[in-house]
Amino acid sequence: MGEGKEIGSNPVTPRPAPVPAPTPPISTPPSQFHSPSLSRSPLLHVGGDGGDRIEPAKKTPRSMTPRISLTPRFITPLGSPIRRVLHLTRLDPQDAWLPITESRNGNAYYAAFHTLCSGIGIQALVLPVAFTILGWTWGTICVTLAFIWQLYTLYLLVQLHESHETGMRYSRYMQLANAAFGERLAKLLALFPIMYLSGGTCVALIIIGGSTSKIFYDILCAGTCSAGHLTTVEWYLVFTSAAVLLSQLPNLNSIAGVSLIGAITAVGYCTLIWVISVAKGRIPGVSYDPDPSAKSEIVRLFDILNALGIISFAFRGHNLILEIQATMPSDEKHPSRVPMWRGVKVSYLMIAMCIFPLAIAGFWAYGDKIPENGGMLTALYMYHGRDTAQSLLGLTSLFVIINAVSSFQIYGMPMFDDMESQFTVRMKRPLPWWLRAVLRAMFGYGCFFVAVAIPFLGSLAGLIGGIALPVTLAYPCFMWLKIKKPRPYGPTWWLNWFLGALGMALSGVVVAAGVYVIIKTGIRVSFFKPQ
């Protein structure tokens, strides 16, 4: 009996024998076994005090995070020869608690929804402005080359997401940058652009969604509403409240339906805008040829570079691709890159069907008279607000609003993930639901404050495109060279070096051009005075 009691007390002490025991409570997908932690000191340790580090995993039972246990058990881990040799079976519990990697139930359909919702938006409506500077031929060539280029770098990111040599899954852009460039250099190069692309896009969406909500209300009322109209700031607040309410969905997989609605409405309003513009015909006095005699050579050069920034800003979403792919199960026989690339191809076919008609038809209809701020959406209201059915204008505005609310969720998810990781790293436990709600509300209303303080953010499209350009066009090429190590001086080696160097050079000159154009032509600055 004494021996029996001693045996019964053994599980209390950390011993190698009961290693399989902690596995069932952590029901997050085993494919995350080798996902690097977001923390500076990763929670996953191979040796040393590794036994102590899995204590949070033992304490992650059903009572603290019951929703995690809903993950299907058929998902198998991403295998690798190294994992088999070292028998690394400990899971980084942090990934089980963060919104990007909390659920691994994604598929090709979810990937297409997320990619389409994040890859097309209001920024595409400004493309005809670039055509007013570049003209028909060079405008079409530049948009086509930019589309092919960014689709290639997107393919690189999808392939780099998981490594069969090391058994690692890079579920966030910063994790891949850390692996390729080192932690210090990655923060210097990629941290600000990635956070800017997420937080800055959410601010821009509040400005667009709030302003369009005001227009939608005016269309519905048609001057017959007796109640007082809300101000622009109040419409920003209404939009932000709706976005914050929807942001309470727990993880990236849970917003797949939201992304589907956002993708449908994006395709809807893009199609409506260019179809209405073509149906109404060209406006009087349209000119398609830029007048070089009206400007000096240096001004003309900077205008061209600013147009390239606008084109680069039209293609977005690379900072979310790894996060989207992280929602999928993966193993050696069925890697996540296969369904992910299938979803990307479908979504980018739809994006091409929206972007090219918008750019070409928009320039044909409005020419040099297209407004620089707002692009085709502003032109639609400005030139066809009276001779177009109010139902079509109202439907277009409604689609813009719904898409903005939906896009806010997927672009805010990396920020939510980063904020929650600060808690999980320090406290070694998942974030309580009430604190998650508070943090997301703070982020949403923080973006609202910035939108009210800097309502002219949309006028900086060229500059924003230049800052974000390396994340889309340059860094994936360098990361491919560093991680995959292609044969030196081979075709792939030369291609990636050329595209990476060209992307960095373009980023520098486009940012310089954006600053020059702002200084030279000026922008209508109105702090805390949204129009």
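Each Cβ is built from the backbone N, Cα and C atoms, and glycine gets one as well.
Annotations in TrEMBL come from automatic prediction, not curation.
According to TrEMBL, the protein has these features:
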- 13-28: compositional bias 'Pro residues' (COMPBIAS)
- 29-44: compositional bias 'Low complexity' (COMPBIAS)
- 1-66: region 'Disordered' (REGION)
- 108-130: transmembrane segment (TRANSMEM)
- 136-158: transmembrane segment (TRANSMEM)
- 188-209: transmembrane segment (TRANSMEM)
- 215-246: transmembrane segment (TRANSMEM)
- 258-278: transmembrane segment (TRANSMEM)
- 346-366: transmembrane segment (TRANSMEM)
- 392-412: transmembrane segment (TRANSMEM)
- 433-454: transmembrane segment (TRANSMEM)
- 460-481: transmembrane segment (TRANSMEM)
- 493-519: transmembrane segment (TRANSMEM)
If we call contact 3 or more Cβ pairs under 8 Å (sequence gap 6 or more), are the transmembrane segment (346-366) and the transmembrane segment (493-519) touching?
-> no
One stretch in 108-130, 188-209, 258-278, 493-519 has more Cβ pairs under 8 Å to the transmembrane segment (433-454) than the rest, namely 188-209
Chain residues outside the transmembrane segment (188-209) and at least six past its termini with a C-beta under 8 angstroms from it = 122, 173-174, 177, 181, 236, 239-240, 243, 316, 319, 400-401, 404-405, 407-408, 411-412, 414-415, 418, 443-444, 447-448, 450-451, 454-455, 457-458, 464, 467-468, 470-471, 475, 530
Could you pull out which residues elsewhere in the chain have a CB under 8 Å from any CB of the transmembrane segment (108-130), counting only those six or more residues past its ends?
-> 139, 142-143, 204-205, 208, 252-253, 256, 258-260, 262-263, 266-267, 270, 273, 307-308, 310-311, 313-317, 320-321, 324-325, 327-328, 339-340, 342-344, 346-348, 350-351, 354-355, 358-359, 362-363, 366, 370, 372, 374-377, 400, 403-404, 406-407, 410-411, 461
